[in-house]
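Reading through the structure tokens given below for one structure.
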């Protein structure tokens, strides 16, 4: 075996045999070691090319390894032949592979033995090899040593000191930099070698076309012990390298797959996003189209509903009730159906109550009394010209029509049935009664007479509510004359009117029906007693004229008479059904028929209208709550009504009112009546007025001229109105007989001073209305100083003097230019159509009062255009009053409006308005003031008057040297700006909060009709006291100036000469011109506390000034009403 190994080693180191192509050349002849070596080299070449060994070569190689036995057993010849055969097999190599496959099966037993022999050889080599390192390890060790040496040298060079010579230092630095460039050098060398190899090997690809087997990895030959440990280590390294490359390739592939999946995932997301982006506009477009379609459908539906509403509204205005009801059914509007059903129930209930009223007498007849002719329905049916329709009886044709008609059509038929029920007995009036001698009735007055006669025939009562100035008095006289002439109803009739208009009633009876016995029941108790003794015994009268006061005072006498007709002029006096007058007339007097005359049936609310209806028909309109709920219930929670619902409510209410209320307007019946134009003239305030206005709004008190003491005020709204009128209203003892100061201290007086001379020169006559009688006194002083001819009528004017005053003013070529009237006393029932200009000095919270005053001139008989001037202080509380008045006028224009159902307007809102006025203070005073030219344009009725007014203004400016027209701050007396700290000391036990929102007690005035039950118990002896007797003496100021009566002050100033700065002003001596002028100590405001419903918009809760102390005012009375409650 050792010989074999040595032979193999010798073969390895021996020079290789020449190989030509793929053929192994084995020499013949001698055999021996050279031949074996050549055989082994050929086999090695085949194995290196990864080619299978031919069986002969395999057998020869095996025989070489098995050596002696094989070779010795077979003999020398046999061995040479086998070697030659192996060499030939190797030479035939690839070409005769087929034959090798066939021979391999025969040599398989020897092959197994060869494999075993090679394994044993390898084990022996591994066992006997000494300690050594592989080539790769040696190379790595060498590299490590080399790198360590270089690193050591770098450290050594870096640590060398710099004190060496220059040459040595340079060499060390060069060596150091060279060593540091080692890595760069390796990289450059590697790159250059790679480039060189690529250029060399790949420059000519066509030359590299050879057997691809040569490109395979050359493994070192280690079979059969040929090779060394270095070859095996290299094989191990290559194997590990291939494994790591495979692992890297797998990782790279997995990474690529993950990247692919990731990209695919994000690609899917992006694709989904792109699809979503494409779908969103499409979806939005589809949604928009759908929404547009829905919106267009709703628009078309709303347009269709609006068209139907407009059509229904037009049909409702036209009065086509059947068509309207059919359209309501088609629209399926539940709100309208509910409203129709509720109001239909009201109309049916009223119709039944009316029928019951007609069947019975309104008031039980006293024993022994006889019915007047024509008073019963059965008797009236026999009168020629009467048409009787029983609501319970219907013709067969009507029954058939009702049978075929729908039940819903009764909603509107209820209104017709109510009208026909009330006026089922009709009597045509074609001519006026012959007893009327004063003139001819107008057509609309004949219609009014026929309407009142229809109520009489049907045993019902009513309200004649014609607009003021249309002759309600004449129509009433015509009714009495007709009843006397045609029905033989001689009375007696009771006519109740305000005291101011009693002379007018008496004059109208004398003028139009002198044959009717009329008594004016007024005067002192003795006079009235004489009238009763003379006329009541034999009943030598037909009509008794009296006023509200005597109805209560002479109750025990007047209630004994069985009155046939009760006629109440200015019937809105009964707008409170709980007042003493209404309760007394209903419960204590015996009355068969009732008739109310009023030009303003609705002043503030639906409650007032019900009160009037309740007075005339208490059995029908017996519940105020039900009356309001009938119209309020359908929309108790929804107060906003559209135009159609509001008009329907108005229409249905008209159906309720139409049978009992007749109202005509001037523009409807009097087409030739001159127009009435209202002009609002705004004026500024003087510095004095602004000072007082600011004091009232800031601390609720004003400074007086008596010892520089201020005074706490009550009823702030009234105090602010006084500030707007004139500052003299606060300083009672101030010397007002100064010609210039009385004008310059008030903006309204300054405007009046410019306006009155122009109106007088233009030939106009003026009615001037004010609510404050004390202001009328100041106006009197002004008119006397400037020598204007005037008259005055207020609550203190006696009844017998009022007729004379009216006659003197209305007579032809009367010398009187101006008539001073109080709004409350002079605005009712007076005929002053000879004047064509009305000046409202201060507006009332209730616009109807101003309307009544305006219509004193704008009435039948007026031939000139009527101009109404309303004076308003800019930025003050008067603008709020004007705005509220405009809102209230809408109630009368529509008779009823949605605001009447609105119960949210409470006292809190009114209190908030007062607080807003006080908070605003004087910030808006004096803004938006018209110029003189604008005022002239508003006041002039034509261009000629305008240029006349312009000329008069220029003359006045030149005469006054262009001085300021209003008082400036430096001209105001110093005591006006006195500090409030100088007020009187207040006891410690008095409360510190002063109630400022209270109102004064109602003072006694002649026209006043707000009397309670105490008048029924009053003794007649009280009447013996003069009416103008002085009242309880007020506490005087704590100053040297004593309280003096105005008449005494006039006497003291009778010979006073005006010593003003202007020397051109002549001497003036006051004269008492007007008739019936009372002393100056009368009430400063005849009715500054208004009726309950219109007291003031600012009423409704206490408003206190905490910075003030309570101080008993010597200027006003106590601030609580008769029930002890504070009121504003």
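Residue 1 is the first one shown; counting continues down the chain.
Cβ from N, Cα, C; glycine included.
Keep in mind the model is a prediction, meaning the values are calculated, not measured.
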### Task
When you get a sec, could you say which of 565-568, 569-572, 573-576, 577-580 is annotated motif 'DEAH box' by Swiss-Prot?
569-572
### Message
If I go by Swiss-Prot, the feature region 'Disordered' sits on one of 71-90, 91-110, 111-130, 131-150. Which?
### Response
91-110
### Query
Hey, what's the Cβ neighbour count for residue 466 (ATP binding site) at 10 Å?
22
### Query
How do the residues of the motif 'DEAH box' (569-572) split into helix, strand and coil according to DSSP?
2 helix, 1 strand, 1 coil
### Summary
Same-chain, non-site residues whose Cβ lies within 8 A of the 466, 467, 468, 469, 470, 471, 472, 473 Cβ center for ATP are 599, 859, 860
### Message
Among all protein chains shown, how many Cβ atoms are found within 10 Å of the Cβ of residue 468 (ATP binding site), not counting that one?
### Response
21
#### Entry: Number of Cβ atoms other than its own within 10 Å, given for residue 472 (ATP binding site)
25
### Query
Any idea what DSSP makes of residue 468 (ATP binding site), helix, strand or coil?
coil
### Message
For a quick check of packing: other C-beta atoms within 10 Å of the C-beta of residue 470 (ATP binding site), how many?
### Response
26
#### Entry: For residue 471 (ATP binding site), nearby residues of its own chain (Cβ under 8 Å, 6 or more apart in sequence)
442, 445, 860
### Message
Below 8 Å Cβ to Cβ and six or more residues apart, same chain only. Which residues does that give for residue 467 (ATP binding site)?
### Response
599, 663, 664, 665, 666, 855
## Note on the structure
According to DSSP, residue 473 (ATP binding site) sits in helix
